[in-house]
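Worksheet: the structure to be examined is printed underneath.
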Amino acid sequence: MTSSGKIRIYELSKDLSLDNKDVLDAARKLAIAAKSHSSSISSLEANQIKDFLKKSNTINTTIKSSKNLDKQILSVKKNPVKTQKDQKTEPKKKNHDQTELSQAKLNTLLKPSQTLIKSQGSSQANNQKALKNKFPAKQQITSPSKPNKPLPPNPRVEVKPIISKPLTQAERAIPQSEQKKDGQFINQPKRSELAKKSIGQPKQINPQEPKRPLAPPSRPKIDIQDKKPLQPNNQKAKTRINQGEISPQKVGQGNIQKIKSQNKQNAPSRTPQPPTKGNTLELVGAPIRKEKPVNKPHTNEVRNKPVMPSRPGAPKPPTAANRQGLSNRPGSNNRIGGTGRPGSPNRQGPNRGGVANRTTQGQNRPGANNRAGAPVRSGSPNRGGMQNRPGVPTRSLGGPNRSNNRPGVPSGMRKPVAPSELMQLQKPQARPNAPQRKTDSPTSLRPKRENSTGARPPVNRPTPAAPKKPAHRPGGTAAAPRRTGRPDWDDSAKLDALRNKSPQKQRQKVHIIGENDDALTAERGGFAGEQQAVVLSASLARPSKPKVGKRNNGKPLTALKKRKKETTRQRQRRRAMELRASREAKLVRPEMIVVPEDNLTVQELADMLSVESSEIIKSLFFKGITATVTQSLDLATIETVAEEFGVPVLQDDVEEAAKKTVEMIEEGDLKYLIRRPPVVTVMGHVDHGKTSLLDAIRKARVAAGEAGGITQHIGAYQIETEHDGSTKKLTFLDTPGHEAFTAMRARGTRVTDVAILVVAADDGVRPQTLEAISHARAAKVPIVVAINKIDKEGSSPDRVKQELSEQDLLSEEWGGDVVMVPVSAIKGENIDKLLEMVLLVTEVEDLQANPDRLAKGTVIEAHLDKAKGPVATLLVQNGTLKSGDVVAAGPVLGKVRAMVDENGSRIKEAGPSCPVEALGFSEVPTAGDEFEVYPDEKAARAVVGERATDARAARLAQQMASRRVSLSSMSGQASEGELKELNIILKADVQGSLEAILGSLEQLPKDEVQVRVLLSAPGEITETDIDLAAASGAVIVGFNTSMASGAKRAADANGVDVREYEVIYKLLEDIQLAMEGLLEPEMIEEALGVAEVRAIFSIGKSAVAGCYVTNGKIQRNCRARVKRGKQIVFEGDLDSLKRNKDDVKDVSTGFECGIGCDRFANWEEGDQIEAFKLVTQRRKLNN
């Protein structure tokens, strides 16, 4: 019991001596919430469960079943009859209660504890088990739905049977056949369980011993008044039994008395035994071999054969009517007392368990030759075959479940032929409709197959060898007749033999007759007809391959000769043609490739560029890079290779950044939507006139005040224009065109409604133009093309249209759907037409928003102002932003203190599609994040807290990435101390500039110098930054920012290098120069002159060369290289230089001199002396 006074399920089950699942089952029925054995319930609920279990007598049943466990071995509990006292006191059970009892009993039958086999037992216990085994079919009628249900208690009927010998082990192994196989129950015949007694040890059971009816009161009964067993024509009764309407218990009572009468006689007889009662069923089976192991249940499951009822009108002995054993194999005979297995000796005495008498097989198998005098052993156990038991579903191994009492096959279908007849001589007859054959003898039975259970597994049934050379196969097409007039050595005869090899193999197989054979023989003309015998498994009854018609004996075999095997030369020629075709298909180069995750293998890059991988490897080899087809390339290398093939490269994550991810309009806004101004983004290549076009639209001069004449920020403006007699508002976003500001362009595309693509008429389509097109397509926004600079000389708008058409942007004038307007930003031509086209396109888009809700939108740009603090440029996309609103922008929380429009005027609220600068954020938000206004600060803080954790993890990952040094870049340099690092601290004015600079730094080569960004943040340079730079030896780089008070003095005192830039070009160039300054200078050769040896003077052991200077001049103590022809014979220092026996420093062109080297004296006339010196040179980064 818990501290709160509740009781756990396992405690309650322990008190009640029950399993946890029983208590959980009761709780579920009482609608008490209990999920597992450790769940807690109240005392009231525990008392309800106890009362429920006491009413259902589950506790008593469990205790009693544990005590009588030895008496329940391999038995199926029947539903005992209640006494008169119980019938008076207990209410009548409903049908569904009986179903639950049946299911519980079936579960009891399958428990492992009841499958144990005991070697000894008392006769009284065995007799009681025999009574319980009379009714196994009752539990099998109802499919089990709740197998774990406990057994409800029922009073047992004490029966005093006649004492006889104890049961054998084979009897106690019967219920093992009813185990689970492949998720289904293989139900054994009811009579086979009673017939498992030994012939020499019969049991006498008095069927009239119980005084009360054995079936439950609510179960309907049926009286079988026919003297015969159940026949196929009695379909109504069989159907009722199969459907569970009729209890088969009375049928089982007759079996007991029949066994008693048969065991008394215990003699073989061919005549049927007279029944003692009208409702009895007769049992005929094979005797049991005692030496057969009894603990293998698969012997019962594998040796089952379906019952084949007799054909209407055919005589049928009542004792062996429903007996069906194993099928007769080809060449096997039915012998008296033998098993009839081909290839095995016939034994006298009882048959093996599970193997039926072959006499009954011959009677039930069509076309079998039954020998006269083969006795029917009455009273022998029927372990092998499935009996005609009503209501018990059977399952064939490998086949579907079917009813035992299957209706007979229509008369138009051909009857199956026994395998023994397949191998016999038959007269060739033309039987296209496959008529039925007459019975071979008046005593042979040809019953229709009623409860066929499919094919038997061939594991325990070895296939006998069929005759390899049958005497004659009339009408068969398996073996073609030998061609006449051809010698034995003829090749065609050998080809015939090879061709007929496969049918001969088929002929050696044994046909397994299944339940689908009737339909198949009707379709194929019979097994023993004109066509070849078909070997078919009943569980794999599928449409066979179409048969080849009869071949004309007179025609030569030419079809096989035409099939020539492909030679090696033909295969090589075919492969060369396929390779040539694939290369021709790859000649078309793509306009642009998208690189996912900043790396590609050589093979992937070759596929994208539509070139061979060897071309990529050759290109890299010329750059000093050894690569294989599986080696990964970084983005810089990919761009270098792609430039050689004239294909620009675009990063995949940049295109993903342009996609719209958040839907600003919610379901609750649909009723209050109104039209909103469109958001237009101006995009294009650098210096194509985007800002000048906006200046012409706004009638301002923004471009004149930009540093370097290029845009480095994203600007947002709102203008008003006249359209259709009314004033329309347009919101414009100006994006940078430089390649470093890719993220800015993607951010602008994500919030836009229409994209204006500016293309210079004199420059055409450029890389950033292609990137802008990809951004617009990723955001799924319409494109309006503005062909600018039409007033310049050499401009060609038609050429621009042609280049754009290659990018699937076809002008309306050429039959496309893209609006293209030629404009001049300087002269203001066609500006009004451009605005009109933009408004027309946006009207089609039907842009709407709900102004009467809390604002939602996107952070376009953000920066840190030294006077105002964090400032964010916000674009309201839905709702209205007001002063005082609590805003959460990503992980940053803020409260709007003031809002300023693009002109610097203060405003109190901003509606949809309105760009504003908002003040009041706790820190600088990240550009590109979505912002949302919350009703109170508490709700906003809850959202911001979760986002801050994610942002902190992302920031840490970025810092680790900045310190990452790849193994390939380190190689052997780290061990030699040659790996250099450049530490920088980056401060910029806005967040977008930081993104652009960091992205550009990533593109710099890092093979020998690693750029390590210690800190990157928007805002001015402070004293804290100076201290960090002094401690780490870093360089401070400022972009469009200023230094705080005291920072300049601190930098001078600490000797920190602070660089300030306004244009990104200069910043990146200086950082690259600083990286190159860290590299060790390299030594290069500088040529001085060339001299020719014309005479040789020996001086002691050494020699001096008399030379003539032909080019340049020769200096003393310089480096010299002696070449003899094309071979270098010496390279070293020039130690002595004389002219007219005087030492000189140098000798110019046209003069003679004497040259001597201390380490070389092997001069020859005609040698060339090249003089050079080594000088140091500043190294550059390897691109």
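Every residue, even glycine, has its Cβ placed from backbone N, Cα and C.
Feature region 'G1', per Swiss-Prot, maps to range 684-691 of the set 684-691, 724-731. For the ranges 788-791, 944-947, 1100-1103, 1180-1183, the feature annotated in Swiss-Prot as region 'G4' maps to 788-791. Your range for region 'G2', going by Swiss-Prot and the list 709-713, 829-833, 989-993, 1109-1113, is 709-713. Looking up the ranges 582-585, 734-737, 766-769, 850-853 in Swiss-Prot, the one annotated as region 'G3' turns out to be 734-737. The DSSP secondary structure for GLY684 (GTP binding site) is strand. Helix, strand and coil content of the region 'G4' (788-791), in residues and according to DSSP, is 0 helix, 1 strand, 3 coil. DSSP gives THR735 (GTP binding site) a coil state; it is part of no helix or strand. Averaged across the domain 'tr-type G' (675-847), the predicted model reaches a pLDDT of 76. Over all protein chains present, the Cβ of ASP687 (GTP binding site) has 15 other Cβ atoms lying within 10 Å.
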